[in-house]
Amino acid sequence: MSNCIFCKITDKEIPAAVVYEDNDMLCFKDINPAAPVHLLLIPKVHFDSLAHAEAAHEALLGKMMLKVPQIAEAAGLTNGFKTLINTGKGGGQEVFHLHIHIMGTPA
Ligand code: 5GP
Ligand code: ZN
């Protein structure tokens, strides 16, 4: 999506502090952190939100969920972490490219 800020980060058109990347997903530091560690995990393919996910995204979403604890541990969140997916305006979503917030305080 040409207008999407997270697609621009995926395409390296705008910079981000990337902590994990593979063929399917990208994880980077939130620009306005709400916790000592605040990361955003996004699929490289654009879809607006969890409410826009389709059956074709099933394996991708599973891979992302399984990657979350690995990313959290690598970020020092060995004592636990919080995940959050805001969905839609009523759910507090501001950037309409699905993302999983990963937040916590290093142990
Ligand atoms: P939402 O409210 O949509 O769930 O969260 C969007 C998050 O994206 C916010 O926590 C905000 O700080 C973060 N964010 C918005 N624009 C940028 C950006 O250009 N770069 C990075 N790294 N984070 C961003
Ligand atoms: Zn996008």
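Numbering starts at 1 and runs along the chain as displayed.
Each Cβ is built from the backbone N, Cα and C atoms, and glycine gets one as well.
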Under TrEMBL, which of the candidate ranges 32-36, 92-96, 97-101 is annotated motif 'Histidine triad motif'?
97-101
List every residue in the same chain as HIS99 (active site, tele-AMP-histidine intermediate), at least 6 positions away in sequence, whose Cβ is under 8 Å from its Cβ.
PHE6, LEU40, LEU41, ILE42, ILE85
